[in-house]
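Undergrad: Summarising the annotation, TrEMBL assigns transmembrane segment to 25-47, 59-78, 98-120, 140-158, 204-225, 237-259. Residues or ranges marked as domain 'G-protein coupled receptors family 1 profile' in TrEMBL: 41-286.
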């Protein structure tokens, strides 16, 4: 039968995390709490960094941008999940699904690139301290941030274009709680083996490549300072430890999800790790391990109470 004779799918059905009403209410509560923590925690970091002149270093400038990205990232999926869990309405229009897919990869890949930039910032601060101010000048920081967003946009355009060129004419049930390339592509009325490999090469290799660059940068940092651990180096290494925690929480589930053989389905529970849990933990990890941020938050709290 010719492809033109197929009726095009106009909406998809997101099955969510569970069909049991009790579990749906439990997931609604957990997602609501997590989303509230993401919004409040990251907004607090943004306000603190923006209002305290003592937090004007490139590291906190990048941290402020990471908080903004985390808010955008969770807002792509979590509000839709909350509405679906509460109302039971699981349908999403084809256009809405493609938009969610686009923004998920746009913001998600931008965060990957930003975490790589943050690792470069720590490498420069520890291994090339005399040149740090010149290398990480404010103009250079803005250029790196712009490059992260542009790289994320290009990656997302490729993923969305590969999806839109496929015919969708039959099954419309997505075994996940949001629209992502792998579960959506598997519903296409065509042989998607090549497309899935191209997408795995795109998303999977970007995740793996950024992760390997991050691991290499922290290995170089450890090799550089192992023989001369002064108080300042211990402080820098403490900051690096928080970055490693963020990297592990975010990149490992992404690599597991996207760098997989064609025809296999990613676990929707693993997806919760990088779409919700990691952005929720970022404010806790950075604030608990940064005395400067905690002190600035305390000063902000006293100013608000005055």
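Glycine residues also receive a Cβ, built from the backbone N, Cα and C atoms like all the rest.
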Undergrad: Where else in the chain does the transmembrane segment (204-225) make close Cβ contacts, counting only residues six or more beyond its ends and a cut-off under 8 Å?
TA: 109, 112-113, 115-116, 119-120, 122-123, 126-127, 155, 233, 236-237, 240, 243-244, 247, 251-252, 254-255, 258-260
Undergrad: With Cβ-Cβ distances below 8 Å as the criterion, list the same-chain residues six or more beyond the ends of the transmembrane segment (140-158) that contact it, or say none.
TA: 58, 61-62, 65, 102-114, 117, 120, 202-203, 206
Undergrad: How about long-range neighbours of the transmembrane segment (25-47): same chain, 6 or more residues beyond its ends, C-beta under 8 Å?
TA: 16-18, 63-64, 67-68, 70-71, 74, 78-79, 81-82, 85-86, 276-277, 279-280, 282-284, 286-287, 293, 297, 300
